[in-house]
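> I'd like to ask some things about the structure below.
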Amino acid sequence: MNRSENLFFSGSSLASQVHAAAINGDKGALHRLIIGNSALKDKEDQFGRTPLMYCVLADRLDCADALLKAGADVNKTDHSQRTALHLAAQKGNYRFMKLLLTRRANWMQKDLEEMTPLHLATRHKSPKCLALLLKFMAPGEVDTQDKNKQTALHWSAYYNNPEHVKLLIKHDSNIGIPDVEGKIPLHWAANHKDPSAVHTVRCILDAAPTESLLNWQDYEGRTPLHFAVADGNVTVVDVLTSYESCNITSYDNLFRTPLHWAALLGHAQIVHLLLERNKSGTIPSDSQGATPLHYAAQSNFAETVKVFLKHPSVKDDSDLEGRTSFMWAAGKGSDDVLRTMLSLKSDIDINMADKYGGTALHAAALSGHVSTVKLLLENNAQVDATDVMKHTPLFRACEMGHKDVIQTLIKGGARVDLVDQDGHSLLHWAALGGNADVCQILIENKINPNVQDYAGRTPLQCAAYGGYINCMAVLMENNADPNIQDKEGRTALHWSCNNGYLDAIKLLLDFAAFPNQMENNEERYTPLDYALLGERHEVIQFMLEHGALSIAAIQDIAAFKIQAVYKGYKVRKAFRDRKNLLMKHEQLRKDAAAKKREEENKRREAEQQKGRLSPDSCRPQALPCLPNTQTDSHKQSRAPSKQPPSSEAAQDPDKRACRGGPGRVSPSRAPQKEQHLSPDVQGTVPRKPNESPREQCKGRSACVHFSPSEGSDGKRHPGVSSVEKSRSETGGEQRCDKGKGFLKQPSCLRVAGPGDEGEDPGWAAASLPQQDGHRKPSRRQDTASKAKCTSQKRRVQELRGGRHSPAGSSRPGSAKGEVVHAGPNALQHRTPRNKTTQDKLAGGIYSDLPQNTEVLRSGVRKSGTSTLSEDAQVSKETDPAPGPLSGQSVNIDLLPVELRLQIIQKERSRKELFRKKNKAAAVIQRAWRSYQLRKHLSHLLHMKELGARDVDRWNRECLALLLQVWRKDLELTPPKTTAVTRTTKSLSKGSSGAKSTRHSVLKQIYGCSQEGKVPHSTRSSRTHSVLHLNSVSNLQCIHLLENSGRSKNFSYNLQSATPPKTKTKLRPSLEEECVRGSWNS
């Protein structure tokens, strides 16, 4: 020991002085201490060692001899159960071992590791100590085993001491005893990297060169050749394989032969040696079907691979999954091996696929070896080869997130628009792996971020499933829609709530994700329901704060709305049934009236036939209403209409029928618009007292014939109308002021046709009979006129196509034709119309008529005659408001189809222009009012942000704005009648708040897209304040008090996030008065 230790022992207790004297070799001090106290000779220190042990450690032979003579115990053990003989054998001290053995030391004593002094003696190169111990041992004690069941021969082979091995074998030591791992001494001798270990191996093999000894397998199936190959000891391998009984192709427990081990570790020389001494000629494979060439290829040992490929017995066979050694090399990035194989094997198939369809490029892309991918692409590897999952190498790279490989493949021509068998795109696999950079690269290469697979899932949903926030942010920044639903109705928010990713939920809501989207299945779960099922308390609280609803809450709201809609449906259905019933009664009444008119016309025709037989009644009278009559006679013809009918006419039914029918009211009771009309203009069809002029027009069957007439000289004169022919078709007689009889006015006048040229336009004066001329129509003329009128009626029906316009139709051309009065009374009409409208009709509609209808225009625009001016003067005197021109309108069914369409189109365009002008004016006025109100509201908000000191003034401004909005609403909104009477108190308290609450809650449920709006583009949470300002500037006055009474609608929190509260509010009484006032109005 050193000096400090000596001082320590000498300066402590008495026992320490004895140990110190033994270490220092102070024999005198040791003798004095032992004489003074005999117990000190075996005194133990803190390690349990006696002075004799310290004498062995310090090599104090004389002190040890003195202690043994004084009676010290030679077999005393320390705390490790080792005696002085153990220590002497461990140090290899031959003199102490001899001294102790002569003093009968126990050579079979075992320490805590169950090792005897014989085990410890094998550590030293000198065999003297081992030979000394073997002299004292019996023949069976040499194979004593330690705790690991190893004998002294195991330790000698381990320490590579061939002399010890020979000595132990000479003393009958067993060379076939396995230790705890199943290894025999030959395993330990072969498991040595020193080439000199071959001597130990030879010593053991020389003792028993048996096949069992050479091919002994430990508990893991490894032979001594496996260990020799593992250490790369070529000499030992050469010695072992030199024996013919050595099995080169023996398997271990993993079905790997020594050749597999040599290929895996890259020992090319050993590989060559084993291939040469392999007598079987076959290359075995392991449990996965991999050959030693696979092992060499994946480890990038090009020299070893070259040795394999040059040997004729080696073939590049596939493993159990169909992968060759070339694929193994590509998967491990063994570029040197790939180049070697491509150079040595010209027939190698670079695009060969395994049983799953994967190629070498698939394996390289999956592992992320950029250099390998480039090497394969340079050697014409197929860049878009697909496996059984329809995955290309680019899919494998996107799944693992290898950016460099992805860019290399895209530059090499890989397609980015492919999908696999499940419809997953490259972006789906990148999102499933959470690779945000890869997602950005793919989006830059024109991949749609909203692409859906066959289940309807988007890449954003895949990223939300894993909670990859960075990937989700990249997708939504590139316009990924967070509200897209898959086929089951789930969105990205459903997946985030299901897995409890709060940060992902916040990100989705910041990008305008709809929190109340429902599934398509029977449960109809919302994202909040997923959070409730998973008991995600933080997510539940956050979703409720942002207006999320469960399916139970949505069903309650839907039930409320359905009830309201059903009530409205019942009211509308009752109204519709009532309306249909009234219309049915009205139609029956009209049918009865038409039937009655038809019977009256038949009766009147019979009376006319009787009247023709009498010569007095058939005498023609003067026609004061025709254009050629004098002004005085025209004025006098109006006089009888202003006088009440005589008693004779009231009593005689035949006379009453000739004056216009039995139901004709007196001029004193008729409206003013009918009192000024003469009997000539009012027509011949009788009308009931309660029948309107429109209904009377429907009952007529008047017509206009556009055809030339034939004169007395045999020539065809334009517009010559035979009175005899027309008298047979008249439906009644009109009274004239000068004539004492009745004047039969024809209801159908013949108008000049297109073939008449060069005739006088004033044909009416020449063709119609004068007052003093009397002509009696012959029977042949009556028959001819009847036939012509019948054919004309048939032609009218053909032109109409059998269609009858409904009563009261406002469609142009839907009214039935009327009589064209060629006289001055034709300017008179039944209903009043201003002069502007009259001019428009005269110049607009009738300007489109052809030249052959000049008679129709002359009745409207003939200003040269004095008769027309006098008629207009009389019309002003009798009726201050001139009537419309429908009284002189032609039968539009007789006009050509093209002309009718032009008239209808012109009328429609005029109405459409008028409607557009009104709509534009309303839009301009509404926009100006909205601008003023928004300007006022912005001013108030600016005052509030600046912290206005005068709070009362700000309140007054707010109240003024509120009243202004309320006044506008009252002016624009018509009063609505409610079917159910309510009290003023209930309306003022509940109605406005309930309306606004239902509107906002439905908006939360169905979102903005359900209101007919275009979905907003994804935007950050910073834009929410701008949207809130826009919503505040809305002109719906109900929204200003949206929060009033909202919490009373439901017992749970269903409303959306309320707007931030201001410091100053309107007084509750003022708000209630405003609401009450709006409902009362």
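Cβ from N, Cα, C; glycine included.
Fair warning: this is a prediction, and the values are worked out from it, not measured in the lab.
The repeat 'ANK 2' annotation in Swiss-Prot covers 47-76. The 3-hydroxyasparagine annotation in Swiss-Prot covers Asn75 and is backed by similarity to another entry. The repeat 'ANK 4' annotation in Swiss-Prot covers 113-144. Among the features that Swiss-Prot reports, repeat 'ANK 5' is placed at 148-177. Annotated repeat 'ANK 6' per Swiss-Prot: 181-213, in sequence order. Annotated repeat 'ANK 7' per Swiss-Prot: 220-250, in sequence order. According to Swiss-Prot, the feature repeat 'ANK 9' maps to 288-317. Sequence annotations record features per position, and here Swiss-Prot assigns repeat 'ANK 10' to 321-350. According to Swiss-Prot, the feature repeat 'ANK 11' maps to 356-385. Residues or ranges marked as repeat 'ANK 12' in Swiss-Prot: 389-418. As annotated by Swiss-Prot, repeat 'ANK 13' applies to 422-451. Here Swiss-Prot flags 488-517 as repeat 'ANK 15'. Here Swiss-Prot flags 523-553 as repeat 'ANK 16'. Residues annotated as domain 'IQ 1' in Swiss-Prot, with sequence analysis given as evidence: 555-584. According to Swiss-Prot, the feature compositional bias 'Basic and acidic residues' maps to 589-610, 688-698, 724-740, 772-785. Annotation source Swiss-Prot lists region 'Disordered' at 589-889, 1051-1081.
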> Just counting, how many other CB atoms are there within 10 A of the CB of Asn75 (3-hydroxyasparagine)?
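Asn75 (3-hydroxyasparagine) is surrounded by 13 other Cβ atoms within 10 Å.
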> As a quick check of your reading of DSSP, tell me how many residues in the repeat 'ANK 16' (523-553) are helical, how many are strand and how many are coil.
19 helix, 0 strand, 12 coil
> Please report, as numbers and ranges, the same-chain residues at least 6 past the borders of the repeat 'ANK 9' (288-317) whose CB is under 8 Å from any CB of it.
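Contacts with the repeat 'ANK 9' (288-317): 257, 259-260, 262-268, 271-272, 275, 278, 281-282, 324-326, 328-329, 331-337, 339-341, 344-345, 348.
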> State the mean pLDDT for the repeat 'ANK 16' (523-553).
93
